[in-house]
Amino acid sequence: MVSQGSSPSLLEALSSDFLACKICLEQLRVPKTLPCLHTYCQDCLAQLAEGSRLRCPECRESVPVPPAGVAAFKTNFFVNGLLDLVKARAGGDLRAGKPACALCPLMGGASAGGPATARCLDCADDLCQACADGHRCTRQTHSHRVVDLVGYRAGWYDEEARERQAAQCPQHPGEALRFLCQPCSQLLCRECRLDPHLDHPCLPLAEAVRARRPGLEELLAGVDNNLAELEATRLAEKEALARLREQAAKVVTQVEEASERVLRALLAQKQEVLGQLRAHVEAAEEGARERLGELEGQEQVAREAAAFARRVLSLGREAEILSLEGAIAQRLRQLQGCPWVPGPAPCQLPQLELYPGLLDKNCHLLRLSFEEQLPQKDSGKDGARSQGGDATQPQSRDGVQTPNQDRAQTPQEDEAQPLKAERAETPQEDGAKTPKESRAQTPQEDGGTQARVGSRSNKKRKFKGRLKSVSREPSPAPGPNLEGSGLLPRPIFFCSFPTRMPGDKRAPRITGLCPFGSREILVADEQNRALKRFSLNGDYRGAVPVPEGCSPCSVAALQDTVAFSAAARLYLINHNGEVQWRRALSLCQASHAVAAMPSGDRVAVSVSGHVEVYNMEGSLATRFIPGGKANRGLRALVFLTTSPQGHFVGSDWQQNSLVVCDGLGQVVGEYRGPGLHGCQPGSVSVDKKGYIFLTLREVNKVVILDPKGSLLGDFLTAYHGLEKPRVTTMVDGRYLVVSLSNGTIHVFRVRPLDS
């Protein structure tokens, strides 16, 4: 019995590409079988032969060419038999579209046979009705099986036809192969049996097949077992790669969390360590891809050989099986003797280590260690210990294991006691404390505790990041009302992705962003005249069609429609790009900012220093100037957004300030202080708590202000990868999306310090 896989049917063999040459893609002609059990046309192999070697086009195995040429390769009688059956079903002389009788021309008086209606399976001849009736009435042919030609052409009698048509001896035409010479392993007809094999022990074909089939089936079962091992190893390799990526993601998170708790000057080292991590993962992935390719290649070779052997044993006749028995047995033994890989290669999982002396500029605050580990067979133990770590080692809230966390204070910590009160008042420095919650610990105290991830091993290789000094001018200190309160939001990097698509003719220039459904954003690419949809993870979701000739500038989503400004017009379109209405705007302003109202049924647009609000029907609902008519001509709102509290927030380039006003135009707050660094205020976004995020493009910053417009401090800087930020938007009230001038988008999760 075959241990694995089901036996293929004759219909599958005839209907599949099994009878097609993989070189010329035509039906096999003079099929020759290579030692790797792949079959090709003799002429095709002759074209591929290079000297004394030939490389199989499918498995790429190099095989020697016999001295007599490719014609000396073993003829595939199994394929020949199937080809004869296919040709018989589709062949025959045609007259008026019908096959002709093969016996009528032999009886004289007719130049061509009459239309055939039957077929003799023993003679392999098409017969007319008269000849078919006579064929059943002669002594020599009365036992022949004559069947309906239509049913034969439909394949109803394929199995019976193959049983009745014996393989013919290539040396003696008309003689069927009946014996197997055991010493010579050669098929013989009655003529061949007489000379020169007269004294050799011979067996009838049926008896020879019964004797040799168990050996082939045993070899086939062994290859099936190897196939199972190969498949298990391949899956284990993929699981190891998945564990590597999962652990790498955990380490990235740990690096992000740890980096946010130390001084801002140390963020440069964070970027270096993350680069080392990415380089290690890329190198490991490259090696894994090579190993997977090799495993899949071995698996495919073994699977194809097993499939061929299984097909021959299931569908081949005795002569065909015996003719291929030697080649099949040799190939299966060869495959069984292959050095199968017992398991995936050891995987070096990166681990994060925190070292002492956090405020020492010459120390290495973050480092990676790589530990070789074989995949765990019992995954159920993962809950008792962290992956790649020690089950007895405590683990902090952030996933960073902290040995000796409950020990007594070290002398270094005692020396740091006078600095506690002074350091604890600054939120940025307070963020550098370890996860230990029982006491306030300064960065110097934390230097006495080494936070490590993963157990120590002699096989570890450690890559150390170096501290780089980066000079920058910080924003003014936050107001005293927020010092030490833990209410100032902070960024957690989420993802980054490009917005250039294959169909873009130019580099993207993002002029507008807005939320678009759940965890999705709409990007206005003015340069390519497109509204592109992306998920927060960077997956491209298609585009919203825009009217021909329109270059969308600012954009906002309202219910099932999209509003955008282009040139001096305001458009409202549905998701299919159909224009609902358009409104002409003032030509006094180069660009018009568009924002959706919190209710989602109105859209606001900045026009010549004032704000116009339109409803879904395109009617003007309200119009006001921030600060009243006294400010007519004194405002120029280039960027505009709305807050969940119903306020309007805009960047006023005329006053070089950020202005916050209510729905009636009354100014709630305005900031034009030194925190702008002399820059013109850029894009604005508001989170669900009302905090305002203002972009300062010239200094590569995003600063944060309270709901009334008071500066709180820097939120994003060049340390976070900001380089010429253009526009921002807030998604779900907690994801800040920032577009750069090069078309790249960064996504940050806004997280309060008290969370």
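Every residue, even glycine, has its Cβ placed from backbone N, Cα and C.
Per TrEMBL, the feature coiled coil maps to 227-261. For 374-384, 420-439, the entry in TrEMBL reads compositional bias 'Basic and acidic residues'. Annotation comment: TrEMBL describes 389-411 as compositional bias 'Polar residues'. The compositional bias 'Basic residues' feature in TrEMBL is assigned to 457-469. Per TrEMBL, the feature domain 'RING-type' maps to 21-60. Sequence annotations record features per position, and here TrEMBL assigns domain 'B box-type' to 164-205. Look at TrEMBL and you will find 374-485 tagged as region 'Disordered'.
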Stretch-averaged pLDDT - the coiled coil (227-261): 83
Three-state composition of the domain 'B box-type' (164-205), taking helix and strand from DSSP: 7 helix, 11 strand, 24 coil
Summary of DSSP states over the domain 'RING-type' (21-60), given as helix, strand and coil counts: 7 helix, 11 strand, 22 coil
